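Since the structure comes first, as structure tokens, the remarks are kept for the end.
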Amino acid sequence: MEYLNIIFLQTYKILFLLVPVLVSVAMIVWLDRRIWAFVQKRQGPNVVGPFGLLQSLADALKYIFKEVIIPSSSNKVIFILAPIVTMTLALVSWAVIPFSTTQVLADINVGVLYLFAVSSLGVYGIIMGGWASNSKYPFLGAIRSAAQMVSYEVSIGVIIINVLLCVGSLNLNDIIMAQENLWFIIPLFPMFVIFFISALAETNRPPFDLPEAEAELVAGYQTEYSGMMYAMFWLGEYANILLMCAMGSILFLGGWLSPIDLYPFNLIPGAIWMIFKILFLFVLFALVKAVVPRYRYDQLMRLGWKIFLPLSLTWVVLTASYLFYFNLLPVN
């Protein structure tokens, strides 16, 4: 009976985390469309529900009732597994995201490493989908995605090292508490900018949406997908975008900490501050999508390997030297 209670409690915790994440994905899709429409001086979704808030629900119902077509020449098992892998990896990453000192599903001591490892695995779902489709456009999109994500993961990893040098811990709550007096966005602002741009590339967002460039590759690795399988790729993509916004808020914006430690700001729950910071970063994501044209593939690779990687490595040396010289290193 005790085991059943433990299983029930853990299942409840998982659902309590995943359901809000999935609802948030639906809401940010609506927000993404509204921001894009605002920049282009049009209304965007405004028919289904008040202010068009139920548009994502209508889209979900449409995908549920659409036929799932599996190409006859595809590798059917891998073709079906690909969107499942993509969505699952995007959702399990949220297990270690803290919304306060206690509001976290798994408060592990290697939270940053876990996040980096799981988010890096996301490319496998895209590669599987592109290869299993047995079609040239999905395959080209998958190759592009693999090269792009691997390139920018290196920069993100080096940026995380900058933060870890200042904290001395891989625990996400420790990283947040280390910013109690000063958010890391101030001393590490160049790293925040590189992290933000790398996160755009990591999540295949414009101007780095080359794996699904409509003018060149139809829909890239998603070309042969339809119905709920296509929707699962879509859910995984937006869950990853939210995850990168959460990572940015934890690493640079103090996570669930109040920006001003004064009344009445310190009365607001930490989870609310965390949500506000995630939304702020997502609005920046959406504005970039609306105003910046797509990069060429060679420009994307050059930016990652010739500019971001050397700059982030240089900043690691500068950060370590500064902390060592002033005896501020958090480790003995």
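Placement of Cβ uses the backbone N, Cα and C atoms for every residue, glycine included.
Database features (Swiss-Prot):
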TRANSMEM  11-31  transmembrane segment
TRANSMEM  77-97  transmembrane segment
TRANSMEM  110-130  transmembrane segment
TRANSMEM  156-176  transmembrane segment
TRANSMEM  182-202  transmembrane segment
TRANSMEM  240-260  transmembrane segment
TRANSMEM  268-288  transmembrane segment
TRANSMEM  307-327  transmembrane segment
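Here the transmembrane segment (182-202) does not lie next to the transmembrane segment (11-31) in space: the count of CB pairs under 8 Å, restricted to residues six or more apart, is fewer than 3. In this chain, the transmembrane segment (156-176) touches the transmembrane segment (307-327); three or more CB pairs sit within less than 8 A of each other, excluding pairs fewer than 6 residues apart.
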